[in-house]
Structures are given as structure tokens and as C-alpha cells.
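Novice: Features from TrEMBL:
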- 12-32: transmembrane segment (TRANSMEM)
- 99-309: domain 'ABC transmembrane type-1' (DOMAIN)
- 105-127: transmembrane segment (TRANSMEM)
- 139-163: transmembrane segment (TRANSMEM)
- 183-201: transmembrane segment (TRANSMEM)
- 240-266: transmembrane segment (TRANSMEM)
- 286-312: transmembrane segment (TRANSMEM)
Amino acid sequence: MSLWRYVLKRLLLIVPVLFGVSVLIFGMMHLAPGGPAAVLLGPLQNEQIIQEIRRNLGLNQPFYVQYWRWASSAVQGDLGNSWTVQQGTPVTTLISERLLLTFELALLSEILAVSIGIPAGIIGAVYQNRSADHLSRIGALAGISIPNFWLGIVLIMVFGVTLGFEWGIGGWVSPFDDPVSNLQNLLLPVIALGTAHAAIIQRMTRSEMLETLNQDYVRTARAMGISEREVILKDATKNALIPVVTVIGISIGGLLNGAVLTETVFNLPGLGKLLILAISRRDYRVIQALILFIACVFVFANLAVDIMYAYLNPRIREGGE
């Protein structure tokens, strides 16, 4: 199977996946107790007024009618207006205002995770069962075990309360306005979010490197007199990192999920904090749009990884014939 046919096949598979996700999201929102009508009315609950608000919002219509109206508009880029978060504001505006922060947080966290995880994994494999390997494995275990929100709280207590630093606590400046302040404010959130992913990448890299170093072609290269450094860097690492690419791509969705709690802990005005606010105020339109956006990022990130993997390893696409 050619690479283009493989890409087309993968793209066609995305359609039913996103359709299923959208139906699931929409259904869960409308089955949940409470609703935007009660939030809009406030503490003075009146069933007659609540039903009137539901009629004005179209929430009294059958499920399939509501879904069709929402989905047909969403396909055209119209996600509607917010009901309770910022009443009357287009949902696309709410998302676009906060997208840069969350994207930057996820990107820097991924860079940190790759910068730490891959070298630590390689060192752990090369020096297997030695001190460097033990330290690397202990660090990875700690990174996976500690929740990012708890690590964020610890970082705030240590650097914000004890040491008096204000970096990354309740403030964010656009990188286009002040790049230095921007990096300072994201330093602690990036550490909190990227640590667990660095641990996952470290474990995957170590495992693949150990398997690769025991391959026959590596032994042959050593027998030919090629230096150990060259064998590790040019032969073993190149082949061992191919499966690691998959983990890195999949972790993008995990970073967006982790950003929800991280942004809340550090009081950052990103998509994660917007999602928490929308859930607390029962703003269906904002919740549906954000979860669908995260699902799209996750799906297309996996598509990009699959395409890259199929390009590097033709046997993948040949298996789909």
C-alpha cells in the first residue's frame, strides 16, 4: 500500500471516530443533572421560569434535533454563543483568547519531557544496572507516581511561599509582548506538567534501547571495530527511537488533559481553566466545544504519528493491505 493510500484510509477512519465522540459528548452533557437554565436563574429557583429559559435556549427540543442543530453549525465553524461563562460571547472567541497559553504550555512541557526523557532513557540502557541506571529508574518512578496537580502545589509552596518567587503563580504574559516574563511565568507550570511525561518517555526509551543493543546488527558493528559511542549514537539510538515517537505523539493528548488541573492550580487563564469554569456553570456549548477540540487534537496527533511511523517503517502500511 502506498503512503498516500494509507494516509487517505486513516483520514476516512477519523470521520466515524469524531462523530461518535461528538454524540457521546452531547449526550453526556444533556443527561447530567442541573443545567444552564438553573445557573442563569440563580438562587431564586422557579420551575416555570426555568422551563421558559429552557425553551428560549432550545433545550426542550428532542435530543436528535438539538444535536443536529449543534453539529451542523459546528461543521461550519459556528460553535454558538456562551450561555453562562460569558453570556452572549461566541465560544470560538473564548477558545481563541486562551488557546495560545495552553498550546505554549503543552509545547514547552513536551520539549522538557523529550529533553529529559530520551537522554535519561539512553543513559539508563547503556549503563544498565549501574548507579546511573538506578537513579534514572528511581526518577522515572517518582515522576509517574506524583500527580501533576500535587507537584504544582509543592512547587508553589517551595518557590512561591518559602522562597518568595512570583514566577508562574497567577500570571501570564503573551510571548509577543514580553518573551522573558512569559517564560518566567510558565517555568513552574511546565515543570509540573512535563515531569510525568518525561518519566514515561524515559521508560520507553530505556526499554527500546535495551532491546536494540541486543540485536545482531549491533553486535556485528561492535565486532567490526566500530567505537561504542558511534554504535550507540548512530545505530542503536536511531532505531530505538522509532517506537518512542509514538509515545511522544500520544502524550500530546495527555498534556492537554493535564493542562486542565495545572492551569487551575497556577491560576492560568487557559483552556483548562475555561473548561473547569464551564463545567461549574453548566455551559453546555463551551464544554462540548472544548472536549471536542481536545478530542480532535488527540485524533490528529495520533494520525500524524501513524503517518510518520508508516513512513519510517513501510511494513506498517503493508500490513493494512
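Keep in mind that glycine also has a Cβ here, set from the backbone N, Cα and C atoms.
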Novice: Before we move on, state whether the transmembrane segment (240-266) and the transmembrane segment (12-32) share at least 3 Cβ pairs under 8 Å, counting only pairs 6 or more apart in sequence.
Specialist: no
Novice: What stretch of 12-32, 105-127, 139-163, 286-312 shows the most Cβ pairs under 8 Å to the transmembrane segment (183-201)?
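Specialist: That would be 105-127.
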Novice: Report, as numbers and ranges, which residues of the same chain sit near the transmembrane segment (286-312): CB under 8 Å and 6 or more residues beyond its ends.
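Specialist: Beyond its ends, the transmembrane segment (286-312) has Cβ neighbours at 3, 6-7, 10-11, 14, 17-18, 21-22, 25-26, 29, 70, 74, 79, 82, 85, 91-92, 94-95, 242, 245-246, 248-250, 252-253, 256-257, 271, 274-275, 278-279.
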Novice: Please give the sequence-distant neighbours of the transmembrane segment (105-127): residues at least 6 beyond its ends with Cβ less than 8 Å from one of its Cβ atoms.
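Specialist: Counting only partners 6 or more residues beyond its ends, the transmembrane segment (105-127) has Cβ contacts under 8 Å with 133, 136-137, 139-140, 186, 189-191, 193-195, 197-210, 213, 232, 237, 240-241, 244, 248, 251-252, 255-256, 258-259, 262-263, 268, 270.
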